[in-house]
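Everything below concerns the one structure shown next.
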Amino acid sequence: MKMIMAVIRPEKFDAVKQALADKGYFGMTVTEVSGRGEQRGVCLQYRGKPIHVDVIQKTEIQLTTCDEKADEVIDIIRTTACSGRIGDGRIFVVPVEKAITIRTGEVFY
Amino acid sequence: MKMIMAVIRPEKFDAVKQALADKGYFGMTVTEVSGRGEQRGVCLQYRGKPIHVDVIQKTEIQLTTCDEKADEVIDIIRTTACSGRIGDGRIFVVPVEKAITIRTGEVFY
Amino acid sequence: MKMIMAVIRPEKFDAVKQALADKGYFGMTVTEVSGRGEQRGVCLQYRGKPIHVDVIQKTEIQLTTCDEKADEVIDIIRTTACSGRIGDGRIFVVPVEKAITIRTGEVFY
Amino acid sequence: MAIDSGSTAFLLICTALVTLMVPALGLFYGGLVRKKNIISMVFLSFLALSIVSIQWVLFGYSLSFGPDIGGLIGGLDYAGLIGIGMEDTIVEGIPDILFIAFQMIFAGLSLAIITSGFAERVKLASFIVFGLLWTTLVYDPLAHWAWGGGWAHALGALDFAGGTVVHISAGFGALAAAFVIGKRSGFGETKMVSAPQNIPLTLLGAGLLWVGWFGFNGGSALAADGIAALAVMNTALAAASGALIWMIVSSIKSKPSAVGLVSGALAGLVGITPAAGYVEIFPAIIIGGIASLVCYYALIFRVKKGWDESLDAWAIHGVGGLWGAIATGIFASSALAGVGGLIEGNFMQFAVNAGDAIIAVVFSFIMTYIIALAVKKVMGLRVSEIEEDLGLDISNHGERA
Amino acid sequence: MAIDSGSTAFLLICTALVTLMVPALGLFYGGLVRKKNIISMVFLSFLALSIVSIQWVLFGYSLSFGPDIGGLIGGLDYAGLIGIGMEDTIVEGIPDILFIAFQMIFAGLSLAIITSGFAERVKLASFIVFGLLWTTLVYDPLAHWAWGGGWAHALGALDFAGGTVVHISAGFGALAAAFVIGKRSGFGETKMVSAPQNIPLTLLGAGLLWVGWFGFNGGSALAADGIAALAVMNTALAAASGALIWMIVSSIKSKPSAVGLVSGALAGLVGITPAAGYVEIFPAIIIGGIASLVCYYALIFRVKKGWDESLDAWAIHGVGGLWGAIATGIFASSALAGVGGLIEGNFMQFAVNAGDAIIAVVFSFIMTYIIALAVKKVMGLRVSEIEEDLGLDISNHGERA
Amino acid sequence: MAIDSGSTAFLLICTALVTLMVPALGLFYGGLVRKKNIISMVFLSFLALSIVSIQWVLFGYSLSFGPDIGGLIGGLDYAGLIGIGMEDTIVEGIPDILFIAFQMIFAGLSLAIITSGFAERVKLASFIVFGLLWTTLVYDPLAHWAWGGGWAHALGALDFAGGTVVHISAGFGALAAAFVIGKRSGFGETKMVSAPQNIPLTLLGAGLLWVGWFGFNGGSALAADGIAALAVMNTALAAASGALIWMIVSSIKSKPSAVGLVSGALAGLVGITPAAGYVEIFPAIIIGGIASLVCYYALIFRVKKGWDESLDAWAIHGVGGLWGAIATGIFASSALAGVGGLIEGNFMQFAVNAGDAIIAVVFSFIMTYIIALAVKKVMGLRVSEIEEDLGLDISNHGERA
Ligand SMILES: Nc1ncnc2c1ncn2[C@@H]1O[C@H](COP(=O)(O)OP(=O)(O)O)[C@@H](O)[C@H]1O
Ligand SMILES: Nc1ncnc2c1ncn2[C@@H]1O[C@H](COP(=O)(O)OP(=O)(O)O)[C@@H](O)[C@H]1O
Ligand SMILES: Nc1ncnc2c1ncn2[C@@H]1O[C@H](COP(=O)(O)OP(=O)(O)O)[C@@H](O)[C@H]1O
């Protein structure tokens with residue numbers, strides 16, 4: 001299985017959640033995070049001087065799914081979360097050895 | 001090593017923490033998260049109409065341990081966190097290549 | 001790629017962030033977490049009785065980087081975050097299969 | 001006599017201060033429950049004030065302060081506030097409508113206090129029905145007895161600002177309500193259900209309650225005079241000694257918590273309520289301190305018993321109010337109250353006050369129990385297990401904190 | 001006449017209570033926006049009060065209450081409060097300086113209300129310029145018309161505590177401002193932009209507003225008398241009925257939310273503002289309830305139209321104020337207001353009040369539109385897209401909540 | 001003379017407003033520290049009020065306002081408030097007990113201000129001992145000097161509402177305390193230790209302080225009259241100009257922060273405190289503005305020096321109070337204060353006020369230093385390193401925010 005960890009704009013979360021649900025992906029775990037991108041954050045001007053603003057609020061989605069579906073999930077998130085502006089975020093794919101449903105005890109590999 | 005990522009009910013956290021301690025597992029990292037399950041969240045009735053409630057508050061435990069002990073930890077969490085009702089959560093097992101104790105610099109594989 | 005997950009003291013975050021930036025590591029995702037160490041938390045005395053305090057506020061940094069640079073990143077974090085006192089935290093290294101930049105769609109392996 | 005602008009100014013602002021206690025209480029309670037129920041606690045406070053306000057002008061005031069019927073209840077002569085104007089026929093120097101407004105907020109606040117017993121599990125519609133019944137069948141009679149010419153009034157029971165009317169009734173009512181509605185799921189099993197979850201919110205609420213209480217007790221003098229001044233001073237001192245005593249006693253067993261400190265202050269404030277304008281300052285300090293002690297042990301007792309009246313309206317308002325009523329019978333100064341208490345050798349006053357308080361305890365507990373039970377039978381009191389699980393914020397209000 | 005210490009005491013404290021409404025409004029608004037803009041909303045409220053205070057003593061007061069020029073505006077005779085002292089030449093029994101202070105906070109609060117229309121996207125410097133112009137060109141004339149001897153005053157339009165002056169002006173002004181500045185990026189696409197994000201903060205703000213309103217309406221009696229008492233009672237009742245009606249109507253379609261409950265209370269409070277001391281208590285309950293209804297549908301309408309005036313100054317203050325002004329013309333009691341409304345058969349009063357309100361609507365909408373447009377052309381009203389993205393807390397203030 | 005119900009009403013409510021400043025200050029401070037110390041800041045504020053209240057009625061009041069002994073201190077004749085009643089022998093028209101209550105809260109608030117210097121590192125028991133000593137040895141003498149018939153009073157130093165007594169004493173005391181207790185671990189190394197962590201909480205606290213200050217300064221007129229009105233107006237204006245000036249000056253170097261805005265307002269409020277009822281409105285605006293400037297640079301200076309008095313009681317209360325005392329000597333109007341200041345050519349008054357302020361600075365700094373040092377030697381002032389690391393919420397109170 002794969003855990004897809006996607007850091008996105010909080011404003012995009014609703015759309016991503018909906019897009020995933022439309023394709024039948026319901027399960028996910030969501031965390032409020034903050035982050036800084038490779039650009040060293042966003043650069044604002046103040047009285048002529050540049051100010052770097054980093055560690056901006058983001059939303060992280062953790063979604064575990066089987067290997068075959070991972071690419072579809074990534075695709076859904078990527079297209080829905082993209083605004084084209086700096087700060088759209090990243091998706092990381094981490095291998096998961098197994099997943100257990102606590103209620104039923106079912107184990108998925 | 002393995003990182004056990006368990007998403008559980010906040011109400012179960014105390015019990016799980018205690019059960020782990022009883023078996024000698026002290027180290028853990030805890031995050032407040034929210035989540036939606038495979039059931040599309042919980043369904044309530046309001047004036048005859050169904051309302052899906054999702055993205056419910058959960059607690060995520062990250063516990064890294066050596067390969068041999070992973071199953072015991074999973075078992076402790078699973079049995080203690082289980083209420084039998086929808087929303088009990090999931091446990092994911094992720095491989096960890098190494099773990100470093102910052103204070104001492106010790107590295108575990 | 002590797003995801004470096006470092007749980008550190010909140011007070012050390014600024015220094016770690018700066019130290020990483022100095023070496024050109026800008027991207028990171030930060031989460032407020034709390035944690036308990038192997039020592040069973042910190043032990044205070046109150047009227048002669050010991051009180052264990054655990055699940056203390058920490059900051060978790062997730063930083064994904066290519067395999068070669070992982071050790072340098074770990075080193076920067078380890079040396080900067082270390083105070084030598086109990087509670088300095090841990091660094092975990094998790095394999096990442098791929099990383100996607102949402103804005104551009106670029107994929108890194 | 002003509003309207004006295006000073007006393008009117010005072011009571012107008014005191015009405016605002018007592019109104020402040022309503023959201024304050026909601027925030028205080030909200031900080032003590034789990035995050036998923038914060039909104040619902042504040043909602044219930046606002047709702048309590050709103051429904052009681054309408055009830056009050058329709059018939060509640062008349063039941064409380066209307067012409068006495070057999071010492072038990074007021075007649076409906078003033079229903080809809082018919083014939084009420086801006087003269088000062090009720091209290092010298094104060095417009096009648098203002099007296100009624102001030103008393104209205106008291107009634108609303110009492111219902112807000114009782115929400116403690118329903119915390120994190122009550123059905124919204126049932127609370128509304130319960131609230132209307134409770135105000136009508138418990139609060140209004142008690143207000144009549146003490147202040148509206150009822151039997152307690154006739155016997156000379158002293159209750160300056162509502163020790164029996166507000167605090168005993170709501171405190172013991174909350175306990176009855178908690179018994180009828182049953183424990184929250186997980187209560188006793190997991191610490192989380194009983195530990196305060198958002199302490200800064202609770203402290204904010206407590207701070208506003210503390211300030212509002214100056215209006216609650218001071219305003220009950222119904223004039224801006226020396227008695228009001230004494231009531232305010234006594235209120236401040238009882239809060240201080242209550243806070244300190246709780247800090248001290250609680251620090252024997254564990255670290256002195258901030259929730260404890262303000263609980264002690266509130267206990268002191270409740271304790272001084274029936275006595276505020278009737279006792280000197282040293283008795284006030286003692287009453288506040290003992291209130292804190294008594295409430296502290298009541299709380300410990302409740303926890304031991306495993307009663308899920310977890311925001312402690314019973315331990316603080318109920319028990320504190322009971323102690324306050326008795327203490328008024330002990331410490332009342334004849335120079336202030338017109339009649340002395342036990343320390344002046346007047347056993348009679350002590351007996352009357354204690355008797356009155358005990359009857360109020362019994363009456364409000366039993367009556368509330370019956371009302372809650374009736375609502376439970378007819379429409380259910382409690383949300384479903386799954387709704388409780390999700391929290392009332394989502395289940396009752398569709399919102400998240 | 002001599003200063004009346006009671007009325008002076010009352011108005012002094014009412015000034016404090018109205019001041020409390022300023023941070024209260026900031027917190028109320030702050031809880032409705034995204035976390036990255038909370039600080040900016042509170043900042044704008046404090047800022048509004050600060051700049052208007054200075055403007056007021058420099059010339060705003062004089063424009064509002066100076067010697068009438070053609071029914072339209074006051075003269076600059078009192079600019080800098082020249083010649084203003086501590087006698088009671090303006091209102092009997094109240095020091096002149098106190099009347100001016102009380103009115104000053106009203107003006108500040110009005111500008112704070114209007115920040116709703118600029119939420120999450122306004123440039124700080126532009127807001128300051130806009131604020132000065134708006135207060136001078138919209139608020140001051142309206143205050144003059146209604147209370148300072150202007151044409152509305154002369155015609156006998158009734159506005160007890162500022163239904164037209166404060167609420168219509170700020171509410172319709174906020175709508176105009178929202179039109180000129182344009183929608184927030186992402187508005188309509190993502191729920192997050194329009195859903196309240198920190199409801200406890202909003203409830204806290206609402207609670208403080210509720211309490212402050214007692215000073216706002218009560219203080220407008222300008223004396224601690226029966227009228228003030230009635231105004232406070234009516235205020236409490238209108239809030240209660242507003243809250244209940246919103247809860248009921250909104251629960252037809254969805255669960256009754258806490259934000260809805262307090263929105264209803266605020267709608268009721270706005271509705272009763274122009275009528276508070278002029279109507280009896282049952283009309284007050286009705287006015288509050290209908291205000292809630294009207295504002296609820298205005299809000300629904302706004303959402304449908306996709307207008308991004310998302311903290312609903314328009315729907316609550318604007319529409320509620322309009323209804324209140326009309327309702328005052330309907331329900332005014334001649335015993336209280338000196339002149340009866342429509343229900344007493346006085347169509348004239350109804351027409352005057354309605355006409356006055358409509359002119360206030362048109363004037364404040366158009367004037368605000370022009371001012372906002374002028375500021376936009378000259379210096380820009382809106383932060384850059386990237387700054388909006390980051391949130392005003394960081395972009396305007398370099399801070400994080 | 002008889003009790004004046006208007007003035008009594010006013011002072012009763014002002015007592016409540018000043019009490020509101022205590023939790024307000026706690027929340028203000030709480031928002032500036034790290035999350036792990038929020039609760040402890042609010043706790044200390046409540047605690048300060050509680051212990052000082054008891055100290056005050058036992059002997060503090062008597063030390064402050066008892067029969068003068070050599071210009072330095074009051075006698076113990078009124079210890080336990082013996083013989084104090086509800087007549088108006090102290091201030092005409094106000095019950096004695098009310099005057100004492102009002103002054104009591106001032107004393108409590110002063111100790112609460114000083115907690116800034118101990119932030120995030122003080123041992124609870126040591127704070128209690130320190131607090132009792134400080135109130136007795138620093139506050140009470142200063143109150144006696146200025147208001148109780150001491151030397152400063154005799155010389156005619158003007159201090160309307162406590163510029164020297166409250167603000168200089170607590171501000172310079174906080175600095176001394178900070179020096180004795182030492183820097184927080186990590187101070188200077190990590191931004192987190194000095195940056196505000198919960199700004200909405202701080203803004204809420206500031207808003208409540210702003211409102212409470214109307215009671216603080218207004219109430220100090222001890223009557224509901226024109227002077228009280230002027231004091232309230234001046235208070236509002238000084239806050240406004242303070243806020244604006246800080247916004248402007250601070251925006252030269254960085255974005256204008258909300259914490260800055262309210263710091264400026266507080267600076268203005270502190271500055272106007274000793275002058276509130278003694279100066280005209282334009283001087284009030286100037287005093288507030290300059291207070292803001294001075295405090296801003298004091299803060300910058302403190303940061304540069306690396307002093308860990310990080311909640312800036314010194315920079316705002318201390319320096320602002322010093323400026324205010326001097327400014328009173330400059331701007332006092334003889335029509336208001338009975339004696340003119342420097343601008344009326346009265347150099348003497350300026351010298352007296354400045355001298356008095358400087359003596360207050362020296363006295364409170366040195367005395368506090370000695371007291372803190374003594375407590376440190378005897379029982380330690382500071383928690384252990386590990387407790388500081390964990391935060392006082394857990395270490396001192398066993399709680400988490
Ligand atoms: N190397 C990284 N490791 C972990 N998280 C990262 C990394 N780089 C970026 N992120 C996360 O992605 C978010 C968006 O990054 P950013 O570089 O601003 O996006 P973009 O490249 O699309 O402009 C950051 O806020 C951070 O949370
Ligand atoms: N596919 C998934 N990926 C990540 N987290 C998940 C996934 N499915 C469920 N979760 C987490 O588990 C929690 C409980 O899921 P749920 O399906 O309601 O439990 P159950 O199946 O026991 O009823 C969710 O709130 C979510 O946080
Ligand atoms: N086994 C573990 N799994 C996950 N996180 C851990 C584990 N052990 C420690 N941590 C994290 O590291 C933090 C510091 O641990 P601690 O043992 O106190 O550090 P140290 O060993 O340096 O004293 C904890 O608060 C927790 O968040």
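Numbers run from 1 along the shown chain.
Glycine is treated like the rest: Cβ placed from N, Cα and C.
Taken straight from TrEMBL:
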DOMAIN    E:9-400  domain 'Ammonium transporter AmtB-like'
TRANSMEM  E:6-29  transmembrane segment
TRANSMEM  E:41-59  transmembrane segment
TRANSMEM  E:97-115  transmembrane segment
TRANSMEM  E:127-148  transmembrane segment
TRANSMEM  E:160-181  transmembrane segment
TRANSMEM  E:201-221  transmembrane segment
TRANSMEM  E:227-249  transmembrane segment
TRANSMEM  E:256-275  transmembrane segment
TRANSMEM  E:281-301  transmembrane segment
TRANSMEM  E:313-337  transmembrane segment
TRANSMEM  E:357-375  transmembrane segment
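Below 8 A, the CB atoms of the transmembrane segment (E:127-148) and the transmembrane segment (E:313-337) form no more than two pairs separated by six or more positions in the chain, fewer than 3 in all. Against the transmembrane segment (E:256-275), the recorded stretches E:201-221, E:227-249, E:281-301, E:313-337 differ in Cβ pairs under 8 Å, and the greatest number is found for E:227-249. Counted as Cβ pairs under 8 Å, contacts with the transmembrane segment (E:357-375) are highest for E:160-181 among E:6-29, E:160-181, E:201-221, E:281-301. Summed and averaged per residue, pLDDT over the domain 'Ammonium transporter AmtB-like' (E:9-400) gives 96. Where the transmembrane segment (E:227-249) meets the stretches E:6-29, E:41-59, E:160-181, E:201-221, E:281-301, the count of C-beta pairs under 8 angstroms peaks at E:281-301.
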